[in-house]
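J.: What follows is a structure written as structure tokens; I'll ask about it next.
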Amino acid sequence: MTGLVASIVEAYGELRVNKGRIMLSLIGVAFSVFALTATLGAGGMLSSALEQSVETFSGRPTVLTVMQSEPPTGEIHPEQRDEVVLREIDRLGIDQRTRYSPLSLRYQTGSGVRTAQVTAVDPAYADMFRLRPEQGRWLADSDARRLAPAVVVNSEMWELMGRPEVGRDTVTLYAVDEQTSGQALLVGVLPKDPANAGMGAMAYTPMASVQELPGVEDTDLSYAEYRVWVPPEEADAVTGRLNSALRETDAGRFETYSGGFSFEDSGFGTLRTAIIVIAVVILLLGALGLVNISLVTVRYRVREIGIRRSYGATGGRIFTGVMMESVVATVLSGAVGVAGAVALVRAPFTQNAFRDMGLVDLPPFPVSAVLIGLLAATAVGILAGALPALIATRIKVIDAIRS
Amino acid sequence: MTGRPPMLELRGVTRTVRLPSREDLHILQGVDLTVDVGEHVAVVGRSGSGKSTLLNLLGLIDRQTSGELLFDGRETIRLSDRRRARLRGSSIGFVFQQFNLLERRTALENVMMPLLYGTAGQFWKRERTALEMLDRVGLADRAHQTPGRLSGGEQQRVAVARALVRRPRLILADEPTGALDVTTGEAVMGLLDEIAQDSEAALVTITHDLQVAALSQRAYLLDSGTLHDVDSAHAREALLATSGIRAGREAVAGSGPAADAPGRRTASDAGARA
């Protein structure tokens with residue numbers, strides 16, 4: 001233990017005495033670690049942003065879609081159809097599931113009545129599609145008991161409606177033929193989402209009270225679709241079991257498929273790999289610079305090493321000392337680089353940029369990026385210290401003292 | 001006879017190196033030497049006579065080609081590099097001609113350096129021990145000066161303090177006054193001798209200066225790789241044949257800082273015998 005402390009004391013002494021030279025040599029390492037950590041951190045957050053943006057549109061990676069492929073032979077009420085399908089889903093112990101029924105309704109704007117895409121869903125839909133209102137709240141089970149159906153609208157629709165007060169104002173909705181109208185309570189507004197930009201006015205309403213909406217008939221609910229969110233490792237098994245169970249039912253034939261967007265299989269995976277490769281190249285260049293400087297330094301320190309050996313420093317101790325100098329220095333500079341990277345990525349202007357890209361759940365700075373940054377700095381220290389340390393142990397004491 | 005082995009003993013030690021021309025160069029040939037606790041031994045010789053090679057062997061920095069080198073009665077050739085380094089650190093202190101202080105380190109840091117390789121107790125008390133040693137050589141007030149701000153004599157005193165800070169039992173001094181003027185050299189040698197005596201450490205001085213050698217209890221001449229008692233006929237002839245040494249011997253005849261110390265030979269004595 002004392003030997004280790006003594007090695008650190010020795011290394012610190014060396015760093016202190018040669019701080020100018022070492023600072024210069026470590027700028028490269030600090031910058032490399034900064035670049036590596038910032039790239040990995042920002043890359044991770046960018047990936048999350050893209051992933052989340054895509055998921056608001058297509059659902060999380062293992063959201064399965066259960067869709068009717070053949071209609072039933074006889075008449076069946078939508079509620080009975082739902083019962084058939086949901087029973088099979090519930091039997092598999094899946095609690096993250098939603099019915100899904102797209103509708104069209106009209107709504108009042110300052111410049112007339114317009115059409116909105118209204119989707120009737122169950123409350124679980126928000127988690128599955130990573131929707132989080134920026135005002136108000138998402139749909140809840142209790143909304144089914146309201147006299148006026150609840151709606152969550154996107155910001156575009158909210159703007160066009162004249163920004164009604166969320167949670168208090170009711171909005172008037174019309175059937176497509178505008179023959180009937182009804183009131184709905186605005187409970188939430190979704191933020192702007194680049195993935196859905198240009199999709200126009202959109203709204204979500206609880207499936208449980210969908211028939212309270214003006215002009216909605218059973219025929220409007222004939223299109224049957226369900227979404228289930230399952231753990232990735234169970235996706236294939238659940239798909240198979242649902243396909244088997246819902247092949248022939250009184251409600252018709254249903255097929256299950258993975259409707260989620262596989263982030264890893266997409267070009268984003270390649271982007272992430274490219275980012276890592278660039279960061280590693282930057283780091284290796286920094287390491288090479290440090291190795292070069294360390295080698296030159298050891299040559300300058302031949303006499304000193306010889307003197308230390310004459311006073312009892314063992315070869316192992318010299319090796320540890322030289323190595324420790326390198327590691328202590330690179331870990332310190334790595335910490336500076338990591339701190340700089342975290343500060344940059346967490347800076348308000350960077351965070352705003354991520355939000356503009358559709359990052360709903362702003363993730364913390366990836367711990368993996370911090371660890372990789374520090375580990376890389378340590379590895380560079382070991383790499384850059386090993387060769388000079390080896391050379392230092394091979395210095396002949398006699399020649400060194402006389403040099 | 002106490003039966004206790006000498007602290008350092010060389011028996012028929014040789015050192016041969018292979019030259020690039022594939023010829024063997026015999027630097028030391030059959031060297032016999034015994035150094036006891038508290039003794040002061042000097043080895044004189046011309047440049048290229050093998051003095052430094054002998055010093056490196058005595059300091060366990062180099063290994064002999066043949067013969068035996070015993071430290072406290074134990075053969076050292078088979079000790080691992082690590083054991084030799086530890087033995088060197090704990091039992092041997094070096095004083096070099098060019099001081100060899102660590103640049104940009106203060107006198108205190110230089111003196112503390114050997115304690116980094118010592119025991120846990122020595123390591124944790126290194127600053128106090130080093131300050132005491134600097135005080136012992138009269139440099140307590142210069143403890144925080146770097147070598148560049150110290151005179152040659154002060155630098156060598158720092159080197160002496162560093163050599164003695166781990167209380168070695170053997171001090172090896174390689175031309176300790178070689179880079180100093182006569183007066184300063186005498187003062188440094190006097191100090192080295194005094195501290196060595198106080199700590200009962202053996203002192204082996206390698207020098208080409210008879211005045212320095214005269215301070216020792218025993219002196220040897222290293223000539224062409226062989227060691228001769230300075231009183232021997234061979235040594236006498238060799239000294240006479242070497243003008244440099246003769247001049248040095250004659251210059252100090254009848255003088256020397258410790259010339260009259262009991263048990264000490266003087267340069268004039270050596271010269272008379274030569």
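Glycine residues also receive a Cβ, built from the backbone N, Cα and C atoms like all the rest.
Feature table excerpt (TrEMBL):
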- A:22-46: transmembrane segment (TRANSMEM)
- A:23-214: domain 'MacB-like periplasmic core' (DOMAIN)
- A:274-298: transmembrane segment (TRANSMEM)
- A:276-395: domain 'ABC3 transporter permease C-terminal' (DOMAIN)
- A:318-345: transmembrane segment (TRANSMEM)
- A:365-392: transmembrane segment (TRANSMEM)
J.: Is the transmembrane segment (A:318-345) packed against any residues at least 6 beyond its ends, judged by a Cβ distance under 8 Å, and which are they?
T.: 3-4, 7-8, 10-12, 14-15, 22, 25-27, 29-38, 41-42, 45, 290, 294, 298, 305, 308-309, 365, 369-370, 373-374, 376-378, 380-382, 384-386, 388-390, 392-393
J.: How about long-range neighbours of the transmembrane segment (A:274-298): same chain, 6 or more residues beyond its ends, C-beta under 8 Å?
T.: 18, 21, 25-26, 28-29, 31-33, 35-36, 39-40, 43, 305, 322, 326, 330, 376, 380, 383-385, 387-388, 391-392
J.: Over the domain 'MacB-like periplasmic core' (A:23-214), what is the model's mean pLDDT?
T.: 83
